[in-house]
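One structure below.
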Amino acid sequence: MKNLVVLTGAGMSAESGISTFRDAGGLWDQYPVEQVATPEGYAANPKLVINFYNERRKQLLEVKPNRGHELLAELEKYFHVTVITQNVDNLHERAGSTEVIHLHGELTKVTSSFQPNNPRFIKELKPEEYEVRMGDKAPDGSQFRPFIVWFGEAVPMIETAIDYVDKADIFVIIGTSLNVYPAAGLLNYVHSGVPVYLIDPKEVRIASGRAVHVIQKGASEGMEELKKMLLEIRD
Ligand code: OAD
């Protein structure tokens, strides 16, 4: 089976009812990014940041995967699919995708404020634990913080992601403005000759000059179209 590597962003989950970041009325219009998505913001007002992610977690219980997530999961019948997502929701997993790399962390997990990337301190929350409180502590005595990669922090999963992109036979980009690095730079690791598809209702500026098959549609409709195209080149 061919290796199909898919990079997804907030637009993948838009049709499930989760706001994107940079579209008009997106999350970064409603909440200043430096307050809720930087280590400095967290140091200045941990309670505000913890509450912001509590709200995001609560929303997870209200949304469900859309047809786009489901179609992507169904492609596992025909391809070895690796999803590299910038999303912190769990909708790919809930749709049935079995290989999901989260570049920017996961809402369903918390970790130590001192050593956020130490696997010993990363804890998966049960839905009844989604409301994290000030005073909830990691085993090292620090406040439990969201397991989210904030701006200015290292992206530990990028190396794993690059390894998969390097082996991709087909590369797909869905619902990301490609504004945030290092995720946006993954395209540079796709070998020449590997077909690249992009699904987004808006025009996305691609820094490298390589040819991209653009499907200018939303994730669900775009995935229907992509599935037909991919089945023609499956072997
Ligand atoms: P953006 O909000 O920057 O981009 C969302 C993209 O989704 C845009 O290109 C939209 O046109 C597109 N879009 C909107 N509706 C769509 C639909 N129905 N179907 C498909 N695409 C649609 O979000 P990201 O590129 O994911 O990081 O942002 C990257 C990172 O920046 C996020 O992971 C987050 C943010 O700050 C952190 O929080 C660390």
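Cβ from N, Cα, C; glycine included.
Lifted from TrEMBL, the feature list:
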ACT_SITE  His104  active site, proton acceptor
BINDING   9-28, 86-89, 175-177, Ala219  NAD(+) binding site
BINDING   Tyr53, Arg56  substrate binding site
DOMAIN    1-235  domain 'Deacetylase sirtuin-type'
Arg56 (substrate binding site) and Gly25 (NAD(+) binding site), distance between Cα atoms, whole Å: 16
For Gln86 (NAD(+) binding site), the number of other Cβ atoms found within 10 Å of its own Cβ: 22
Minimum Cα separation from Tyr53 (substrate binding site), reported as the residue among recorded positions Gly9, Gln86, His104 that achieves it: His104
Neighbourhood of ligand 1 - recorded positions from Gly9, Ser13, Gly17, Phe21, Tyr53, His104 with Cβ under 6 Å: Gly9, Phe21, His104
Protein Cβ atoms within 10 Å of Arg56 (substrate binding site), excluding its own: 19
Segment confidence, the domain 'Deacetylase sirtuin-type' (1-235), expressed as mean pLDDT: 96
Number of Cβ atoms other than its own within 10 Å, given for Gly25 (NAD(+) binding site): 8
